[in-house]
Amino acid sequence: MLALPAALASAGVVGGVGLLLLSAAIASFGSHLFAECVNAVGRPATMSKVTAAAMAKMPGPVGCFGTLVTDFAVAVIGSSSAIGYLIVVGDTLPEIKAWVVGHSNTIFDSREFWICAVLPIIVPLAYLRHIDSLRFASFCVIGCVVVIVVTVVLFALQPTPLFDPCGGAGERARGGGEGAGSGEEAELQGGGSSCRGPISATSDALHTLTALPTFLFAFAAQINVPSIASELRRPTPHRIAAVMLGGVGLTTAVYLMVGGGGYATYGSLVSEDLFLSYPSSAIAARVSLIYVVVLSHPVVSYSVAPCIANALCTLSSVVRQPRNRAVAPAVSSRLSAAASLSNARRQKARNAPIYDLGLDALAHVPEEMAAGPFTPRVAVVSPRPGAAQAGSKDGVFVTDRTHAAIIGFYLLLTTTTALLVHDLGIVIALAGAVSATIAVFIAPGACYWCLHPDEGLSRTRLLAGLLFVSGCILMPLLVVSVLASRGLIHFGEAGRT
């Protein structure tokens, strides 16, 4: 959300709003495809379960690769979001501290100190056993988002001197926007101020294309649609459509107000982290922002952890497949031994953290891996209470120790990256170019195509196929455009790259 004004500066008003609305429309269609995939695989379902069911219909190596790519994309989306949250913490908390006690050029003014300072809050929340433990605190996030939106709008309208965007001691916009395209430009009123840049109606093709990953990343949360469609009470088609369209519509409205308000306020000089542009008087919005990002960091771990576990499970099954063929006679004895687990161990497993997949794999050994083609499988930490009688063959058990190691690696990776990377824009742009393209274009199209072969060449299935092909073409193009626009690769006369 904070990177949207800079994306508008890059694409221009017409191009930016057009890309935002196009991304919203594609996300709505992708959400519909995911909801239909949930109906095909059955409830309860998650992104991993839908992907595994779809890839199981593909030839062995293709199914394995597809499962790994999707898990990788979801993990990158979540990890990139978490990195962005920590970067925002490092940029914002020093401003809050300076507003309270002033600048002192000490360690308390460094971004590294404040990133590490929030870890005692984030780490325990990331290890929570159930994601719904944060449901009450999450209600406050809505109020905080309202505060942020109202602040952006007030600084854009400037009804009183208190909301002068160029006043105070806040850090000024540092030219994060790259909207110096070939379109028409018009100065904001008071354009002589050093904090305001020109507003472009349009931009050149490269800068417009470079802005697309940011808009796609803004709607990458549709990877949670399978879980939402699965957990919805009375999941009729009408209710599912209302929830999906309502969510996308509300999100788009918020994005338009924040992106448009920030760009209207600072023009091409808007920072890639919007709140770096605002003066210190925007303290309420900064405090609200900190609450949102600190709470959101552990929330995204809930989607990252099962995808990493699922990828490890997939790789393990591929590596162990030749050995399992050799030990096929021992499968029945392993099943018998697993079935004799004590009630105490079963009860302990039921109390362990779960991923809401509704799968039981506590006493299951994948006998079909002893021979035959690869079958994508879903990794679960433990079954729901009472699920031990389900007899599902779609999961493999992941111990609590493995789960803790995955979360620890996730926290170490996101924190280290946030300490080393200062540019929020490059994180969002690259994550949007790769993982968000997979989540918004490739995954919904491929899953629907594979799970609905009986539809033949129906209109919906053809559009799903077109979505998949478009994503495959768009992803490398977006990566190259992002790197080229930031000078990381060059296409000079000598063909340098």
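Using N, Cα and C of the backbone, Cβ positions are placed for all residues, glycine too.
According to TrEMBL, the domain 'Amino acid transporter transmembrane' annotation covers 1-156 (among others).
Residues or ranges marked as domain 'Amino acid transporter transmembrane' by TrEMBL: 201-477 (among others).
The region 'Disordered' annotation in TrEMBL covers 173-196.
Below 8 angstroms of C-beta separation, residues 2, 47-48, 51-52, 54-55, 58, 115, 118, 217, 220, 223, 273, 275, 289-290, 293-294, 296-297, 300-301, 303-304, 307-308, 310-311, 314-315, 318, 374, 376, 410, 413-415, 417-418, 421-422, 424, 427-428, 430-431, 434-436, 438-439, 442-443, 446 of the same chain, each at least six residues beyond the ends of the transmembrane segment (64-88), sit close to that stretch. TrEMBL lists 64-88 (among others) with the feature transmembrane segment.
Taken from TrEMBL, the feature transmembrane segment covers 136-157 (among others). Counting same-chain residues at least six beyond the ends of the transmembrane segment (136-157), those with a Cβ under 8 angstroms from any Cβ of the stretch are 1, 163, 165, 254, 257-258, 260-262, 264-265, 274, 278, 282, 284-285, 288-289, 291-292, 295-296, 299.
The transmembrane segment annotation in TrEMBL covers 240-263 (among others).
Per TrEMBL, transmembrane segment is recorded for 275-294 (among others). Among residues of the same chain six or more beyond the transmembrane segment (275-294), those with a C-beta under 8 A of the stretch's C-beta atoms are 2, 85-86, 88-89, 91-93, 95-96, 98-99, 118, 121-122, 140-141, 143-145, 147-148, 151-152, 155, 162-174, 176, 195, 262, 265-266, 269.
TrEMBL lists 402-421 (among others) with the feature transmembrane segment.
Positions annotated as transmembrane segment by TrEMBL: 427-451 (among others). Sequence-distant contacts of the transmembrane segment (427-451) (same chain, at least 6 residues past either end, Cβ-Cβ under 8 Å): 3, 23, 26-27, 29-31, 33-34, 36-37, 40-41, 47, 50-51, 53-55, 57-58, 66, 69-70, 72-74, 76-77, 80-81, 83-84, 87, 210, 212-217, 219-220, 222-223, 421, 460-461, 464-472, 474-475, 478-479, 481-482, 486.
Here the transmembrane segment (463-484) has Cβ contacts under 8 Å with residues 26, 29-30, 33, 206, 209-210, 212-213, 426, 429-430, 432-434, 437-438, 440-442, 444-446, 448-449, 490-491 of the same chain, all six or more residues outside its ends. Sequence annotations record features per position, and here TrEMBL assigns transmembrane segment to 463-484 (among others).
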